[in-house]
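Pulled from Swiss-Prot:
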ACT_SITE  244  active site, acyl-ester intermediate
ACT_SITE  376  active site, charge relay system
ACT_SITE  489  active site, charge relay system
DISULFID  95-132  disulfide bond
DISULFID  303-312  disulfide bond
CARBOHYD  323  N-linked glycosylation site
CARBOHYD  386  N-linked glycosylation site
CARBOHYD  524  N-linked glycosylation site
SIGNAL    1-17  signal peptide
């Protein structure tokens, strides 16, 4: 079977190929009332936004110099000159995206296709370019500089390859915060992804230009610290929140510079929320796999013979570099979440692998919420339909994921996951949903290693290192019964962030999160319609959300696999 996604993505490659100078910002935001205006000092600017019925939006506010020309593949630079008047009523361009094939062989069952096409990772990106470092700010109508509202700072996901602020609208969160009497300001940050933001290699390391996407996020937080008070926000009450790569980024922000999250002597954030992501054990920027990625990009860009290959990459046309960075294996492919681009230790900003920083206590110890979807791995196991035996599964992990892991360790890991039709993900579905012979088994392993059991490692390690830091955890099951996918990775964006179904899961999540943003406790001021959510330290209980109800379960499932992962964690670096 060959499923063509050409009708869905027909415009995608065109958008990706747009040169920077043609990237347009022509998506107007409806202005129903007098335009709200804010004056900031750092950098000096007057910012004019758009007003809706209950929410004011300032879209496309620059927080860094455009990373173009000599600043391409360089750390972000703060804006130092006055900007005059900015009409912030149109979305800025998304950062360059990692495109993928429009035809997927035997990949997506038709029963799952419709749901997947609604998730942000499958959305069309019609406006992308290198000049992309902008913020979106949304606040309640009538907010003034004296309001001092708490701030929810959103970091989008997309496997460090895809995504942008235009895919997410925080107005429903602001509106709900008003309705609940817990008003907030919602801020989104853009950051460079793919090879533009996370190019590895020894040359990148020597140049001091690793993990640019994380540095973009950090500069965005610093901009908020300098300027959010003018919008009516309280810079001392910032909560950072992300999903998937955004959630991984949240912990990376907690761990950057050895856990120093201060700026001008004050903390950049006081709380954290991680939806589907935490620590990703990773080899250094100049590891062998990273160097292969860099060398392949250099070769694809025609820079192999250059005296300085990085200088060459900075000078090639935008479309040449875009195609070169996208010539390596991508997220939505056979290699799945064996990512080409991701945060890697650089010895300066991300000083060590995140798991080591966590265990050594080198992270900002702020209260946090962290959780997962029940079937995190199903979406990433759709592309390997040729795998039908345990031996092939072992080879797959050895070839694509864990190059330094002994075969015996990989075999031992697989042995903790039954090789039958009943077990595996989507979980609790008996004989159903085995898309190919090893699908449910592979989906379970991918989901556990990257998200679910790694979350448990994160929580238990954090409790050991910092037992007084409050934490809460959840497991979402609201899409139980969805064919093939179950409650899949990214489904919380549809259910919780966008609220496409106004059900218990959506309303409970918003109530808990808004209470946390306001008070650092998801139970403080939350309606009695929702149960008291115990801290993880109180018996390792997970809030378990279904579409129409919620409950609690113990975080002890798949304990044999968990124990094995903990005992062999050094073998599972990517």
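From the backbone N, Cα and C atoms, a Cβ is placed for every residue, glycine too.
What Swiss-Prot annotates, mapped onto the structure for a quick look.
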residue : record                               : CB count, 10 Å
95      : disulfide bond                       : 27
132     : disulfide bond                       : 29
244     : active site, acyl-ester intermediate : 28
303     : disulfide bond                       : 21
312     : disulfide bond                       : 17
323     : N-linked glycosylation site          : 17
376     : active site, charge relay system     : 32
386     : N-linked glycosylation site          : 13
489     : active site, charge relay system     : 30
524     : N-linked glycosylation site          : 12
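DSSP gives residue 312 (disulfide bond) a helix state. On a Cα basis, residue 386 (N-linked glycosylation site) lies 39 Å away from residue 312 (disulfide bond). For residue 376 (active site, charge relay system) paired with residue 386 (N-linked glycosylation site), the C-alpha to C-alpha distance reads 21 Å. When the recorded positions 95, 323, 524 are ranked by how far their Cα is from the Cα of residue 489 (active site, charge relay system), 95 comes first. Spacing of residue 244 (active site, acyl-ester intermediate) relative to residue 132 (disulfide bond) is 21 Å (Cα to Cα, whole number). Looking at residue 303 (disulfide bond) and residue 323 (N-linked glycosylation site), their Cα atoms lie 13 Å from each other.
Across the structure, residue 524 (N-linked glycosylation site) and residue 132 (disulfide bond) are spaced 38 Å apart at their Cα atoms.
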